[in-house]
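What Swiss-Prot records for 80, 108 is active site. What Swiss-Prot lists as site 'Important for efficient shutoff activity and nuclear localization' is 195, 198, 199, and the listing cites similarity to another entry. The site 'Important for efficient shutoff activity' annotation in Swiss-Prot covers 202, 203, 206 and rests on similarity to another entry.
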């Protein structure tokens, strides 16, 4: 699964996911399913924000190519992917500036057009079940919830899907592609089932045990993540590197 993640996600997303896991004391090399889930969630958040701007009249517009007009601002503020301290700083700044209610939990995005925080969910289960779990945890009518599944289903607060149909279709297509690529590598079942994941982990660890009298092979594979990557939110064109195309999973 770790190799799949590093091959199939943009290196910037991989690095952000690694940092997020290490912040909570988690190891991407061990908790590989969580690693894949975090990368998927990050990518959906970036795709949700990508191409969407607000013009000088306050109208939401989509700009897919060319140099964006200087008067345009990003419609969405990306909160997911930042370290907790910086994320709360951004949330507090937004609340102080707009007067919106401060959320109890860190949201994923802020929509400057609708003036609301957004919680993005990506689930391997039934969308309505995951939606209810999110709503029960957040316990706030102010935070908008939008859930996507790997089967193309989605569910949002009051059936308000925020984005246009084409933008949502891009996200659904990407999720379906990830599912298909996982399945072709025999990874999907363990990704969906925690029990199967534990069984696979035990199997992998057993296979990694050095045999008596056999030389131990040590892998020195270098992470493709950019070592000098600047945080994407510090760049005015923070999603430009992700726009052209998300890396397509190479076939074995």
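Cβ coordinates are placed from backbone N, Cα and C, and glycine is handled just like the others.
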Residue 108 (active site) and residue 80 (active site), Cα-Cα, nearest whole angstrom: 5
C-beta crowding around residue 80 (active site), within 10 angstroms: 22
Residues that sit under 8 angstroms from residue 108 (active site) by C-beta distance, when 6+ apart in the chain: 41, 45, 78, 79, 80, 118, 119, 120
